[in-house]
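What TrEMBL says about this one:
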type: BINDING; residues: Gly87, Trp88, Ala89, Gly90, Thr91, Gly92, Lys93, Asn94; note: ATP binding site
type: DOMAIN; residues: 257-312; note: domain 'Torsin-1A C-terminal'
Amino acid sequence: ALEPLSVGLAIGVASALTGYLSHPRFYCNYVECCPRAGQRLNATALKAQLDNRLFGQHLAKDVVLKAVLGFSNNPSPKKPLMLSLHGWAGTGKNFLSQILAEQVHPAGLRSKFVHLFLATLHFPHHDQVKLYKEQLQNWIRGNVSACPSSVFIFDEMDKMHPGVIDAIKPFLDYYEEVDGVSYRKAIFIFLSNAGGDLINKAAFDFWSSGKRREDIQLKDLESLLSVGVFNNKNSGLWHSSIIDRNLIDYFVPFLPLEQRHVKMCVRAEMTARGYAVDEEIVQAVADEMTYFPKEQKIFSDKGCKTVQAKLDIHED
């Protein structure tokens, strides 16, 4: 028979071990946990990621950095953070949303607290808008209940059926709670090609007048974007109550990329693959891209979207 002292010691050790293993700091080293209340983003890390991985987008970097850090540092935001990213394909919208997701939840797009919706995949049928709206509300309600700092990314907003996205309007508004759930710590990001033509024209006008693209300011484009997207029938935000109620915190323009920015993308891709940067290859890949307008050939019409594929054919 075991002595009472031995039994007591064994129980004590077991209890201590169980308490240690269940302690949040230990547990969260092995299982992904929702960030603790009051946990702030690493401003230095976010800025470094934007500087090192996103090229030619001074406006997007500045706006998103300030918006996200201000939101993170606010102990009691009045509403969720809502960003709408606009520009042509290949300019970095998906890249920026990925960087942001990784800073909030280290697993990024693989995190169970980061949710990516593709309009053509998740909401394909125009005759099922009512069903999509119900499903979307239930999905967001359930996930924010599990983690208040959930991140929701809606890609292909220009292909979203009008009316679907208005389902999330109650969650974006200035309510302390909706049906007992607070959404004020969540982040919502829209990605859209809508408004890209307006942004490209503004960039070309700056170039034509001899101004630097870095002198383009948010005020030069934001109001133009909000009105243009609201009135664009090919946008999921067409006549949306989300815009009408001013619930989008920032319309973030992504400028068309010039050849110098394409070269930056090529160098970054070569470095990521472990190659030494070969400027002849960099130039060759950049030359294979197509540019617009037809006469001046200033901007890449696909941004950096096909850089990886074009670099593949230059591998030894």
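Start at 1 and count along the chain as shown; that gives each residue its number.
Keep in mind that glycine also has a Cβ here, set from the backbone N, Cα and C atoms.
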Sparsest Cβ surroundings (other CB atoms within 10 Å) among the binding-site residues Gly87, Gly90, Gly92: Gly90
Counts by DSSP class (helix H/G/I, strand E/B, coil) across the domain 'Torsin-1A C-terminal' (257-312): 30 helix, 5 strand, 21 coil
Any further residue of that chain within 8 Å (Cβ to the Cβ centroid of Gly87, Trp88, Ala89, Gly90, Thr91, Gly92, Lys93, Asn94) of the recorded ATP site: Phe95, Asn193, Phe254, Gly303, Lys305
For Lys93 (ATP binding site), the number of other Cβ atoms found within 10 Å of its own Cβ: 28
Neighbouring C-beta atoms (10 Å sphere around the C-beta of Ala89 (ATP binding site)): 15
